[in-house]
Structures are given as C-alpha cells and as structure tokens.
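> Let me begin by handing over the structure; questions about it come next.
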Amino acid sequence: MLKKDLRLKYSRLRNSITPTLLGQQSIAIANSILQLPIWENQYFHIFLPIEKKTEIDTEGIISILLGYDKNVIVPKVISNTELEHYLLTDNTKFITNSLNIPEPVDGITVPPNKLDVVFIPLLAFDKFGNRIGYGKGYYDRFLSKCKAGVVKIGLSLFEPEDLIQDISPTDIPLDYCVTPAKTYTF
Ligand SMILES: Nc1nc2c(c(=O)[nH]1)N(C=O)[C@@H](CNc1ccc(C(=O)N[C@@H](CCC(=O)O)C(=O)O)cc1)CN2
Ligand SMILES: Nc1ncnc2c1ncn2[C@@H]1O[C@H](COP(=O)(O)OP(=O)(O)OP(=O)(O)O)[C@@H](O)[C@H]1O
C-alpha cells in the first residue's frame, strides 16, 4: 500500500482502540522489550505519547529503563524539521506543545550520536522493517544523525503490512518492531 493510504487506515484503526485495550497492549509491549538484546547499552531514547492520537503509553518502558539505571532521553520539537533531545531527570518539567506532545521545558541536551537505542513511534510498518510516521520526516532526519550502530526499535499496536510501496532513500528502516503479539527482527 501507499504511505498516504496507510496513514488513513492506521489513524482510523487507532481510533477504534479503547483506553483499556491501549493500557493492556502498552504493558505487553513493555514486557517484550525485556527480551531484546539491548541491555548492555546506556543511552536510550524514547518518546512520550500523544494521548489524543492513541499512541502507545511508554510509561512502563520508561520505568524499566530507569529501574535498570539507564540514561533516558526524550525528544522536543524545536522547528518544522528538527528535534532536540533531553536527558530525563527527577527535575524534568514537561509542557504539552501545540501537537499535543508532552515535552521537556529545558535541561541537559544529548546529541544524537551519543544514543545507543532509539524507540520509534510509527503509524505503520512492513515486513521489511520500513516504517511511516505522520509524514513530517522528523525521525528520518533525527536517525540520520545517529551513529551507525544505533539500535532502532519500532513500537506498534498493529501487525506489519506486506509492503510500504513508496519508500524513499531517506527512509531509515527498523532493526526490530515490537507489537503486543510479537517481536519482529529485520
Ligand atoms: N509521541 C510522539 N512524539 C514525537 C513524534 C511522534 O510521532 N510521537 N514525532 C515523530 O515524528 C515527532 C513530532 N512529530 C509530529 C508530527 C506531526 C504530528 C501531528 O499531529 N500532525 C497532524 C497534522 C499537523 C498539525 O496538526 O499541525 C496529523 O498528522 O494529524 C505530531 C507529531 C517528535 N515527537
Ligand atoms: N534525512 C532527511 N533529510 C531531509 N529531509 C528528509 C530526510 N528524511 C525525510 N525527509 C523529508 O521529510 C518528509 C517526510 O518524510 P516521510 O514521508 O518519510 O515521513 P515519515 O517517515 O512519515 O515521518 P517521521 O519520520 O517523522 O515519522 C519528506 O519530504 C522527506 O523528503
């Protein structure tokens, strides 16, 4: 399928998920990340969910990371194209931006090349590890600045499509994708 059709299909599918189911599926995803071969790493990047868009609740994953004394880094939108990345600390204050994303107000910034593992939001992915988001290219630009060995882990409420047809050279594929039912390795 084409990106534009997939965005519509998966936005609609998300709208059909109840808060109870979203909570259960988010916990299933958090439990599955324990099985990934990533626990030697120190710098983990994760997003905070847009609740209005029924994104996966990442609180369980963040608790696991902090419990293992990992450095947890979260993104902040600073322009139409760029993100900045902040270390999560006990003092981090959050404010919800115009896209309904809770983001850190200020704090210690971390450059993309320091990150070992990135958990990635997505609307849809395919059996080859291609993914699409909301179509602004924030993550593709961000991932292009990460080091070559960065582990890229998609988090998805739904199973893969056979193929995203209109993948472009700037689209960076996933290494893993975790769904409530399964972990895909690419
Ligand atoms: N939780 C979370 N944080 C994230 C992302 C994400 O997908 N999820 N991003 C991943 O890139 C970046 C922000 N990108 C975003 C891009 C578009 C929209 C959005 O709501 N777009 C609307 C239309 C535009 C508008 O309302 O101005 C839409 O798609 O309906 C949200 C986030 C960085 N932080
Ligand atoms: N590395 C990059 N440098 C410059 N522009 C880029 C880069 N990656 C993607 N873009 C541009 O961003 C726009 C949106 O890309 P795309 O449709 O792949 O978004 P997406 O993958 O859904 O978004 P996201 O990565 O934020 O989840 C495209 O116009 C694309 O050319």
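Note that Cβ sites are derived from N, Cα and C of the backbone, with glycine treated the same way.
Given the structure is predicted, the values throughout are model-derived calculations rather than measurements.
So TrEMBL has the following annotated:
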BINDING   Lys3, Lys4, Asp5, Leu6, Arg7, Arg131, Ile132, Gly133, Tyr134, Gly135, Lys136, Gly137, Tyr138, Tyr139  ATP binding site
BINDING   Ile50, Glu55  substrate binding site
> Within 10 Å of the Cβ of Lys136 (ATP binding site), how many other Cβ atoms can be counted across all chains shown?
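A 10 Å sphere around the Cβ of Lys136 (ATP binding site) contains 12 other Cβ atoms.
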> For the binding-site residues listed here (Ile50, Ile132), tell me which residue's CB has the most neighbouring CB atoms inside 10 Å.
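Top count of Cβ atoms within 10 Å goes to Ile132.
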> For Ile50 (substrate binding site), which of the three DSSP-derived states applies: helix, strand, or coil?
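DSSP call for Ile50 (substrate binding site): coil, neither helix nor strand.
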> Give me the CA-CA distance between Arg7 (ATP binding site) and Ile50 (substrate binding site), in Å, as a whole number.
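Cα of Arg7 (ATP binding site) to Cα of Ile50 (substrate binding site) measures 16 Å after rounding.
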> Output: those binding-site residues from Lys3, Ile50, Lys136 whose CB lies less than 6 Å from an atom of ligand 1, in sequence order; none if no residue fits.
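If the test is a Cβ under 6 Å from any atom of ligand 1, the answer is Ile50, Lys136.
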> Given the binding-site residues Tyr134, Tyr138, which one is most crowded in terms of C-beta atoms within 10 angstroms?
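Its Cβ has the most other Cβ atoms within 10 Å: Tyr138.
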> For Asp5, Glu55, listed as binding-site residues, tell me which one has the smallest number of other Cβ atoms within 10 Å.
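Counting other Cβ atoms within 10 Å of each of the binding-site residues Asp5, Glu55, the minimum falls on Asp5.
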